[in-house]
Amino acid sequence: MERWPWPSGGAWLLVAARALLQLLRSDLRLGRPLLAALALLAALDWLCQRLLPPPAALVVLAGAGWIALSRLARPPRLPVATRAVLITGCDTGFGKETAKKLDAMGFTVLATVLDLNSPGALELRDLCSPRLKLLQMDLTKAEDISRVLEITKAHTASTGLWGLVNNAGLNIVVADVELSPVATFRKCMEVNFFGALELTKGLLPLLRHSRGRIVTVGSPAGDMPYPCLAAYGTSKAAIALLMDTFGCELLPWGIKVSIIKPGCFKTDAVTNVNLWEKRKQLLLANIPRELLQAYGEDYIEHVHGQFLNSLRMALPDLSPVVDAIIDALLAAQPRSRYYPGRGLGLMYFIHHYLPEGLRRCFLQNFFINHLLPRALRPGQHGPAPA
């Protein structure tokens, strides 16, 4: 088959023109996704030149390039204008960084913190504009939630409340379910589920009026049975189902609901080794003697060490999560789910499509590779395996 010198040149000119236009409009970012798309287009060009006649190669490559750039384009966003957003859990991590970014964009930000004198609260007070208002709130205290609701209604009387970001979260134990006090399950549910539920319900009249947004930070641990994270994971599973229900029920009111499910990021709450050491010592002090003998203190130390080792993979750059929250607040058509982080696509593929035995093996090797409890080790007297 006779080939043209460069039959796809017109397609590449079309792709380049559109890419340049999107870059000038800030609808496209220079980065790995764009470079990967261009590499795939180059490979497709090579195949088309060898397998298709020139007109067909031109059409296929132009169509593929157009689709790729459409997928990479930022979705249309709403103007910030005078929009107000309430964010919980702004002492550290995602909440603090999101509050700073939204304030810089021109939002009116109401940022709740556990302690108005915490380092994070002081940082927000120093770095942000007078538009940002700090509010003290403990999600386990109904009186704190009621006070924040009243302040929010008064503070947004002229602008309305556009968005609620349920970011505050808590995990206080990394241990097998049998070793975890029931109180830790209740505590996680109080913060991660009931507190968010009460606050969200209280703000619905304002959000219905603005036809605004509800954005909640969940976790993959609410979708997959991570070993030793049952207390945290069950609370995140509960809040995800609640938000999905809100998404259905509030659709007629024009409220859009999104859940952010980040991978492992280096936030203070996650990577504070001294805090996890204190929690481990508290756990050891409260385990009944007979149960501790069955599992062994070395088993608990091993789990603790494996958990801390897994945190080495935590990503220091929190911007993917912050960007996902902002997109959920401002995109004309936000997604119902966002998965910022590295490797989540593979994890969810394994969870949904591979056999149960392989899923369990993957989670244990990826997160915590268990040591056998003392009573089950060879040479130890203990219960016979079932």
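Glycine residues also receive a Cβ, built from the backbone N, Cα and C atoms like all the rest.
Marked as NAD(+) binding site by Swiss-Prot: 82-111. The substrate binding site annotation in Swiss-Prot covers Ser219 and rests on similarity to another entry. Annotation source Swiss-Prot lists active site, proton acceptor at Tyr232, citing sequence analysis.
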**OP:** Report, as a single number, how many Cβ atoms besides its own are within 10 Å of the Cβ of Leu86 (NAD(+) binding site).
**Re:** 28
**OP:** Sorry to bug you, but what's the C-alpha spacing from the residue listed as 'substrate binding site' to Thr82 (NAD(+) binding site), rounded to the closest Å?
**Re:** 31
Subject >> Spatially closest candidate among Leu86, Thr98, Leu102, Leu110, Ser219, the listed binding-site residues, to Tyr232 (active site, proton acceptor) (Cα to Cα) >> reply: Ser219
**OP:** Looking only at C-alpha atoms, tell me how far Phe94 (NAD(+) binding site) is from Ser219 (substrate binding site), rounded to the nearest Å.
**Re:** 13
Original post:
Non-local Cβ contacts of the residue listed as 'substrate binding site' (under 8 Å, 6 or more apart, same chain)?
Top reply: Gly169, Tyr232, Gly233, Lys236, Lys261, Pro262
Subject >> Cβ atoms near Gly106 (NAD(+) binding site) (within 10 Å, other residues, all chains) >> reply: 14
Original post:
Of Cys90, Leu102, which of the binding-site residues has the most Cβ neighbours inside 10 Å?
Top reply: Cys90
Subject >> Sparsest Cβ surroundings (other CB atoms within 10 Å) among the recorded positions Phe94, Tyr232 >> reply: Tyr232
